[in-house]
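Undergrad: The structure follows.
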Amino acid sequence: MLTKLMLIRHQTLTISHTQFPKFLISPPSLSSLLHTTTVTATATSVAITASVSKPVSIAVYGPSLQKGISPITPHQNPFLNSTLKPCQNPNFGENGEELPPFDEGQFTRVYEVTAIRVPAEKCYDIENRIRGHLLNWPRVSNIARVSGDEVDSGVSDLIRVNNDVEKAVSRRIYGKAEGDGDELCEVLYRDKLAKEFNAKGFVKFRNLAKISRPSRRKKKKEMGKDGEGEGGETGKGVGRRRRSVVVEVADEGGNVGGDDDLSALLGENFDGRKWKGSTRLLLLDEKYAGGKIHELPEAVKAVLNAGSIEDSFELVKCKLTLFYEYWPSDEILLALLPKDMIILSAFESVGHVAHLNLKDEHLPYKKAIAKVVLDKNKPKIQTVVNKMEAISNDYRTMQLEVLAGNHSLVTTVIENGLRFHLDLSTVYWNSRLATERQRLVNSFTRDDVLCDVFSGVGPIAISAAKKVKRVYANDLNPNAVDYLERNCVLNKLERKIKVFNMDGRRFIETVFSNSNAHSITQVVMNLPNNAVEFLDTFRGIFSNRATDRKLTFPTIHVYGFSKAEDPEFDFHERIRVALGEAAFSVEMRRVRQVAPGKWMLCATFVLPEKVAFVLNNNS
């Protein structure tokens, strides 16, 4: 699986002062960036020079690490980590342990916003009507919950003014409404139960035992009270992890309604404001921060004034805190890495392992990059590794360095509905070729017999076994063959696959010398580095069967790399030289560009008859 990080290089532009009255500032260094309140661009940092001596910052919509206030002392925020430098942190470095890549608390930002306190039952309706004037930040809900906004329904019924009470009293006096009186006495209550009871029990309460139990939602709510703490909201997609967004009321503003003080009964959270029952906060757009009620747009005031008197509202000043968990990986890496450094654009995920290809310039920051990738992709990603050097051995295994997470490289990959067990330290796997493998399998038919010369752990062989008649799979790496056999059993296809562990040339000679060789219709040679060098094995492969009329010339799919200006022509020439035949049709397809100027290609052709029946290599 290929996961995009969507990161870009910093860019620099020069624009004259006569074109724009305000200016963006260039990105600061890491230390100043993590403690600044200056507003600058988020994704692409732009530096502008002009004739004025002092640049003016321009507001950028939405949250940014270059906006807001960074807390200074750890005790001001319960989620903030230690602000000590790594060398001063007593928990690291004493026993030769590796220091932490960076402090997550440096990415905490506090924003001042204004919110409207509205009744809980009206909040969703009001939100839909004034959505355009709300905060609308990504991964931040426009409706916020704070401490004390929800009150027990029993207390609410005691305090809330109900106009129907007087009517109920009148009914009780005149005896015209049976249900409005006090609860039935014990005798009448037992008489009522007796009328509802029959041989089947209480008909109206068939699931009495079930409905008497507390609901699952209530259980989860009670269990979550201990872990979530007071107030705030949980960031979307965070689950049980630490909260990424917290909203706190900083100051009560513009009270609309009476001055009833119910703090003695309801607590300090309701000091000095009219009782409205359970409430919610609607976070307004950041441009309304610090404003008054009369400064709100007419559309907002019209919606809020449309309700009854008891639905009064008030403005409150809030502090919106965004923690490290909130920020996407691109913002964090842009802040951590130097300005002129090219940032990696993607990483490959193999099961729970994230596979990075870091350049030399990234190596001093590899631990920080790995930590960001691990933190932002949990729980799917548990291990982050980096390829230390290019593949050069016969088994196509990679030298991997574990940068973050656990050190287990044994994982399970699900591809096209099949499961594959593998160990990245001993076998080869490339998730980027999943689409190409599926395309190749789709080209097979139910009557085909497949010969996979370099099968690895079996991504092509096992996928094809669900469709074709028979599969012969081979690999030189004994570890790959071991996992190939396991995966055959795991996917219940061991009866259709015959496994070999030998050199590619010997495997081709062995399979085609068999009496059933005439039935092989497809040959896959997925070894791009040197698969072309094995094609000469097909010269004279049927030379001892010239009189056999049942022979079927197989279709060969061979993969290879090319750095030529015309990669198709270059790859075709190498195939022609290996087979010693000039005139035959070859279908070329570019699979992907593995590096600048380097293409991976797939050549598909039917084995020429002259090549199959040639007597020797010199003819």
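Positions of Cβ are set from backbone N, Cα and C atoms, glycine also.
Relevant sequence annotations retrieved from TrEMBL are reproduced here:
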BINDING   Arg437, Asp475, Leu476, Asp503, Gly504, Asn526  S-adenosyl-L-methionine binding site
COMPBIAS  213-222  compositional bias 'Basic residues'
DOMAIN    347-609  domain 'SAM-dependent methyltransferase TRM5/TYW2-type'
REGION    213-241  region 'Disordered'
Undergrad: Can you check which residue among the binding-site residues Asp475, Asp503 has the largest number of Cβ atoms within 10 Å of its own?
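TA: The most densely surrounded of these binding-site residues is Asp475.
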Undergrad: Other than its own, how many Cβ atoms are within 10 Å of the Cβ belonging to Asn526 (S-adenosyl-L-methionine binding site)?
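TA: I count 21 other Cβ atoms within 10 Å of it.
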Undergrad: By the DSSP assignment reduced to helix, strand and coil, which category contains Gly504 (S-adenosyl-L-methionine binding site)?
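TA: For Gly504 (S-adenosyl-L-methionine binding site) - judged by DSSP and reduced to three states - the answer is helix.
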Undergrad: How big is the S-adenosyl-L-methionine site in terms of the longest C-alpha to C-alpha distance among Arg437, Asp475, Leu476, Asp503, Gly504, Asn526, in angstrom?
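TA: Largest Cα to Cα distance for the S-adenosyl-L-methionine-binding set is 22 Å.
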